[in-house]
Amino acid sequence: MRCLTTVALSLSLFLVGLVGPIQGQLQMNFHANTCPNAEKIVQDFVSNHISNAPSLAAALLRMHFHDCFVRGCDGSVLINSRSGNAEKDAAPNLTVRGFGFIEAIKAVLEAQCPGIVSCADIIALASRDAIVFTGGPNWSVPTGRRDGRISNASEALANIPPPTSNFTNLQTRFANQGLDLKDLVLLSKMCGVCNRAHTIGVSHCSSFTNRLYNFTGRGDKDPALDSEYAANLKSRKYPSLKDNTTIVEMDPGSHKMFDLSYYQLLLKRRGLFQSDSALTTNPTTLSNINQILKGSVEGFFFEFAKSMEKMGRINVKTGSAGVVRKQCSVANS
């Protein structure tokens, strides 16, 4: 009898150990019982409004990337700070936009299902829906994320790769999030690495003018940048190093299309940022670029979807961890 009791107790503890992690994981349609229309509410809001501002699709994708790279995908990028030291106050996030869009979706959800759907889930769902609506790939978005309450500018600066990143910096910051070199190549196209969401994005000139005018501090051009492309940018777009307002397409000719031209431009040394050029300096990432170009757009969509799903799970708070903020911009709401 004692042996049976011991076995039963051990089995019980084993099952508890199994159930705990399962309950704490993301899952598809997590809110099916508590807010059945949650995902449709997000999708409908996006489809009803994104046509008025299609460039917001890239902005939301970039927001998702910047959120997940700091403390995981917990909505902390949305938090306001009276002292100006929240994530959104850090240099990498000063041109992030779409905060009001996410807050508007949150208000609709709160009216229907108070305290149920996290801001972190809204970012993940809205960024996917916006990309799909603008002709990009679809990917699975499991839900059940909880929101964080801590948002520090210093952490954003330390974790989000800047547009001046070399390969080592990119590899390290991606590896810190559990992402490999294949993810780096795939997500660099569209996920807002540094200061953009590629292919459907644009950039402020302040992110790359040093490559044109003062790469090493001696008034020189970055030798990794195609000379003809650099000359065209200087004569037609950015005649001055001091220009901080002009914007440029990061994928000339197809910046609103989800195609493979970004990778073609990389091989022509026409990537806009130093971090773009860095992808061609490593044999593994260069091989990945060539494999993408040998394949189809549909093949890229499939691989990109896998990396997006992987990114969306970075250090998520689930179960009893985190909270569901009632206002995305307020840490203690």
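Even glycines carry a Cβ here, placed using N, Cα and C.
The active site, proton acceptor annotation in TrEMBL covers His66. Look at TrEMBL and you will find Asp67, Val70, Gly72, Asp74, Ser76, Glu87 tagged as Ca(2+) 1 binding site. According to TrEMBL, the substrate binding site annotation covers Pro161. According to TrEMBL, the heme b binding site annotation covers His198. Positions annotated as Ca(2+) 2 binding site by TrEMBL: Thr199, Asp251, Asp259. Here TrEMBL flags Cys35-Cys113, Cys68-Cys73, Cys119-Cys328 as disulfide bond. Here TrEMBL flags 25-332 as domain 'Plant heme peroxidase family profile'. Residues or ranges marked as signal peptide in TrEMBL: 1-24. Under the heading site 'Transition state stabilizer', TrEMBL lists Arg62.
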Per the 10 Å Cα distance test against Cys73 (disulfide bond), the recorded positions His66, Cys113, Pro161 reduce to His66
Given Arg62 (site 'Transition state stabilizer') and Cys113 (disulfide bond), what distance in Å do their CA atoms have, once rounded to a whole number?
27
Densest Cβ neighbourhood among Cys68, Cys119 (disulfide-bonded residues), 10 Å radius
Cys119
In whole Å, note down how far the CA of Asp74 (Ca(2+) 1 binding site) lies from the CA of Cys119 (disulfide bond).
8
Sparsest Cβ surroundings (other CB atoms within 10 Å) among the recorded positions Arg62, His66:
His66
Cα distance, His66 (active site, proton acceptor) to Gly72 (Ca(2+) 1 binding site), nearest Å?
9
Closest of Cys35, His66, Cys68, Cys113, Cys328 to Glu87 (Ca(2+) 1 binding site), Cα positions, recorded positions only
His66
Give the sequence-ordered list of residues that share a chain with Ser76 (Ca(2+) 1 binding site), lie 6 or more positions from it, and have CB atoms under 8 Å from its CB.
Asp67, Val70, Glu87, Asp147, Gly148, Arg149, Ile150, Ser151
Residues that sit under 8 angstroms from Cys35 (disulfide bond) by C-beta distance, when 6+ apart in the chain
Leu109, Gln112, Cys113, Ile116, Val117
Are there any residues in the same chain, six or more apart in sequence, whose C-beta is under 8 angstroms from the C-beta of Asp74 (Ca(2+) 1 binding site), and if so which?
Asp67, Ala120, Arg145, Arg146, Asp147, Gly148, Asn315, Val316, Lys317, Gly322
Of all the recorded positions given, namely Pro161, Asp259, Cys328, which is spatially nearest to Cys68 (disulfide bond) at the Cα level?
Pro161
Rounded mean pLDDT for the residues that make up the domain 'Plant heme peroxidase family profile' (25-332)
87
Suppose the Ca(2+) 1 site is Asp67, Val70, Gly72, Asp74, Ser76, Glu87. Which further residues of the same chain have a Cβ inside 8 angstroms of that site's Cβ centroid?
His66, Cys68, Phe69, Arg71, Cys73, Gly75, Val77, Ala120, Gly148, Ser151
